[in-house]
Amino acid sequence: MSMNTTIIYIPWFNQLITIVSSCLLYLFISWIGFKNSKKQFPNQINEIKKIWFKISLYFGFCLYLSYLGFLETFKFPPRMPLLSFSITLVSLYLIICSPLYDLIKYFGKENLVLFQVWRFIPESIIYTNVFTGIQPSIMTFTGNNFDIIVPITAPIIYLLFRFKFINTNWILIWNVVSLLGLLHTLSVGVLSAPYPFQFYDVHPSNAIVGYFPMTLIPLFFVPLAIICHVLGILLSIKNKIRESN
């Protein structure tokens, strides 16, 4: 495949479930965030809304670039992973350096674990893409992607913690292992795309993630998953430090 743009047809059903599920997930996060902000942090709710707006604005800008075809070119430097990590880093910085972090601390590390059941969404989208022949099978649980384990184990870890069968150490370990697994999946996705450094010789290649609306996978789902794991790790470490003092 050429390193330049290539025309890829995405079935309307695949586009529909990707856009609708992304919008519903975004709205759910916004709703639960503002609801708890109003209840627990009434004096900081305006600042929390401003930070959420900034994160949404930057994400929207990156998504618009992908809509214009910015990620359809597979030349060096690799635009897709760079844009994905920029969303992750910008969002993490804005969250940690703002009252939004207080809201997440209130939400709790165990609820962050349970929240990861949303990961069934991108796994279902990818599986649908593979089923319709527009994405390589290496990106599913039948290939080299084991992320499906995260949403399966998330409610189990949550319940075990809530009923005190496990402690914070297990939440920390679960987040670290899950994050490493996610980074592995991301690397497989990048190395399966038609970049000059493509490693996995698969057909079709993973070029689909450079085409809107499938760009929601690297630009929305991946950053959200990484952010949840990183925040879960930070909260677990802080909890362990507090317990040791």
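Just so it is clear, glycine is given a Cβ too, placed from its N, Cα and C backbone atoms.
Any TrEMBL annotation is an automated prediction that lacks curation.
What TrEMBL says about this one:
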type	residues	note
TRANSMEM	12-31	transmembrane segment
TRANSMEM	51-70	transmembrane segment
TRANSMEM	82-104	transmembrane segment
TRANSMEM	125-142	transmembrane segment
TRANSMEM	148-165	transmembrane segment
TRANSMEM	172-195	transmembrane segment
TRANSMEM	215-237	transmembrane segment
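Below 8 A, the CB atoms of the transmembrane segment (51-70) and the transmembrane segment (215-237) form 3+ pairs separated by six or more positions in the chain. Distant neighbours of the transmembrane segment (82-104): 33, 36-37, 40-41, 44, 47-48, 51-52, 54-55, 58-59, 62, 65-66, 70-71, 112, 186, 218-219, 222-223, 226-227, 230-231, 234-235; these residues of the same chain sit at least 6 beyond its ends, with a Cβ under 8 Å from one of its Cβ atoms.
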